[in-house]
Amino acid sequence: MELNYLSIWDYIIFGIVLGISAAIGIYFRFTGGKQKTIQEYLVADRQMSAIPVAFSLMASFISAITILGVSSEVYNYGTQFLLINFAYVLGTPIVCYVYLPVFYKLRIYSVYEYLERRFGKTTRLIASAAFLLQMILYMGIVLYAPSIALSAVTGLSKIGAILSVGIVCTFYSTIGGMKAVLFTDVFQSFLMLAAVICVIIQGIYEFGGVSEIWKIAEKGQRIDFWEFSTDPTHRHTFFTQIIGGTFMYLGLYAVNQAQVQRLVSTRDLRTARLSLWYSLPILMILSFSTGLAGLVIFAKYKDCDPIFEKRIQSPDQVLLRLIPLPPPHSPMLYRKNVKTYHLSTVTSIICRGFLQTPPWCYRTIHCRHFEWFTIHLLFCH
């Protein structure tokens, strides 16, 4: 399989992106309250506005696995998967008006506090242990899977990619607390959108417009939104995407510690609800854009499947395979951002790790102890 090696400019841009993320952490370490209280460190003093939280909610939901996976899904199987976006529309008001008021009324830091108050310490400890195990395993996948894909296509060192992203994530999360996490998520959100748009622009440049890409996809039977089959063995249907997608959304936005922690960092319940409503169109724009990128890939490779021709080894590499095509230099942004997509996801896991402990613990331990815990969490993992 031929490789498209990164140039010195690729590494420079990658370094700049990581450097900006680290600088945001340093800024919030030495400004404001300087992360001296648990409330500031874990929930940004509960003073955040809706816009940064909205972008952060989206960024923690999307990782490099999502970007590579959705584009590959559309390339291989069509657009049926994208119906899941309408499940997000159904799930958002449920989170806003059913779940959020409960957490705000209790003024809790963690969803596991609710479990302890409702069902006792044993339930909290069991749920926390299960969740920590899940997140530790998930962190490994989030870091390792995109590194494999990039390494296979570009020759980038897997170990170097994992360590660079992991160390930077740990650094700014540790010293900057929730404020740093939120604002790096905003920065990374714009990178995500810009990178996917670069691929779409590349396709428009080559094929002469979205309409031409759409026609090619229609001829290749990749445009399919209305599959109403009740066969449970069917890959995706209207029912699986709407019903299953709604429950998935509730699991991720209503009771997942990463999202709840962001939502309770806002000034009040109204602001938290606004942040959820603002995040919805942002999430849908990125999702549909990633799907369109999958159609661009299909238009390019409809007659020369790179997997069949042994130019790549697995479907998740197909988007990266598109990178070297003209116009020159614009795909460079995408190539770098595949590695930065999961910065926000990893930091979400790190922040969640703080909150699996009982409330008496994190309300009495000094913030510096949390910093050391974060460092150990990364390197023990």
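Yeah, the Cβs are placed from backbone N, Cα and C, and that goes for glycine too.
Predicted automatically and left uncurated, TrEMBL annotations should be read as such.
Straight from TrEMBL, the features:
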TRANSMEM  6-28  transmembrane segment
TRANSMEM  49-70  transmembrane segment
TRANSMEM  82-104  transmembrane segment
TRANSMEM  125-146  transmembrane segment
TRANSMEM  152-174  transmembrane segment
TRANSMEM  186-205  transmembrane segment
TRANSMEM  238-255  transmembrane segment
TRANSMEM  276-299  transmembrane segment
Please figure out which one of 6-28, 49-70, 238-255 racks up the most CB pairs under 8 Å against the transmembrane segment (82-104). 238-255
Quick check: do the transmembrane segment (6-28) and the transmembrane segment (276-299) share at least 3 Cβ pairs under 8 Å, counting only pairs 6+ apart in sequence? no
What stretch in 49-70, 125-146, 276-299 has the biggest tally of Cβ pairs under 8 Å against the transmembrane segment (186-205)? 276-299
